[in-house]
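Novice: What follows is a single structure, and I will ask about it in a moment.
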Amino acid sequence: MARTKQTACKSTGRKAPRKQLATKAAHKSAPAMGGVKKPHCYRPGTVALHEIHRYQKSTELLICKLPFQRLVREIAQDFKTDLRFQSSAVMALQEASEAYLVGLFEDTNLCAIHAKRVSIMPKDIQLTRRIRGERA
């Protein structure tokens, strides 16, 4: 093969643009053709914080009424059969029990934070109840 003379070409001082691969070109043009949009994903913990703020603002009951009512009737049957409850009595029980549970979880969270953790554990609830004097 005969040698050919190379001619110098003018340099612009930057790299020549690369040619796109066929897969990249197809990938970039796919959403424009009406592909399904991926749902927005929040960072871990963001949704939990939104829920915390939402439930702290609200005053509605968090436990469903009918399952709670069934639980009350089931527990009451152990003491006496054929007991009847006024709806206001069940609501008062539910308000009191939810207030107790919210307070218990607040104190339990403080115990977990004191132990340099962010997740509550059964031992935190046990410690909280022991400090409160509910369980010896």
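Think of each number as a place in line: the chain as shown, counted from 1.
Keep in mind that glycine also has a Cβ here, set from the backbone N, Cα and C atoms.
From Swiss-Prot, here are the annotated features:
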type: REGION; residues: 1-39; note: region 'Disordered'
type: MOD_RES; residues: K5; note: N6-methyllysine
type: MOD_RES; residues: K5; note: allysine
type: MOD_RES; residues: K5; note: N6,N6,N6-trimethyllysine
type: MOD_RES; residues: K5; note: N6-acetyllysine
type: MOD_RES; residues: Q6; note: 5-glutamyl serotonin
type: MOD_RES; residues: S11; note: phosphoserine
type: MOD_RES; residues: K15; note: N6-acetyllysine
type: MOD_RES; residues: K19; note: N6-acetyllysine
type: MOD_RES; residues: K24; note: N6-acetyllysine
type: MOD_RES; residues: K28; note: N6-acetyllysine
type: MOD_RES; residues: S29; note: phosphoserine
type: MOD_RES; residues: K37; note: N6-acetyllysine
type: MOD_RES; residues: Y42; note: phosphotyrosine
type: MOD_RES; residues: K57; note: N6-succinyllysine
type: MOD_RES; residues: S58; note: phosphoserine
type: MOD_RES; residues: K80; note: N6-succinyllysine
type: MOD_RES; residues: K116; note: N6-acetyllysine
type: MOD_RES; residues: K123; note: N6-succinyllysine
type: MOD_RES; residues: K123; note: N6-acetyllysine
Novice: Whole-number Å distance between the CA of K80 (N6-succinyllysine) and the CA of K37 (N6-acetyllysine)?
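Specialist: One finds 59 Å between the Cα atoms of these residues.
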Novice: Nearest to K116 (N6-acetyllysine) in three-dimensional space, by Cα, is which of the modified residues K5, Y42, S58?
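Specialist: For K116 (N6-acetyllysine), the spatially nearest of the modified residues is Y42.
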Novice: How many Å separate the Cα atoms of K37 (N6-acetyllysine) and K5 (N6-methyllysine)?
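Specialist: Cα of K37 (N6-acetyllysine) to Cα of K5 (N6-methyllysine) measures 54 Å after rounding.
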Novice: Here's one to test understanding: among the modified residues K5, Q6, K123, whose C-alpha is closest in space to the C-alpha of S58 (phosphoserine)?
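Specialist: Comparing Cα positions, the closest of these modified residues turns out to be K123.
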Novice: Could you check which of the modified residues K5, Y42, K123 is the closest Cα neighbour of K57 (N6-succinyllysine)?
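Specialist: Closest by Cα distance to K57 (N6-succinyllysine) among the modified residues K5, Y42, K123: Y42.
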Novice: What Cα-Cα separation, expressed in whole Å, is found between the residue listed as 'N6-methyllysine' and Y42 (phosphotyrosine)?
Specialist: 61
Novice: How many Å separate the Cα atoms of Q6 (5-glutamyl serotonin) and K123 (N6-succinyllysine)?
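Specialist: Spelling it out, the Cα of Q6 (5-glutamyl serotonin) and the Cα of K123 (N6-succinyllysine) are 80 Å apart.
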Novice: Give me the CA-CA distance between Y42 (phosphotyrosine) and K123 (N6-succinyllysine), in Å, as a whole number.
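Specialist: Rounded to a whole number, the Cα-Cα distance is 31 Å.
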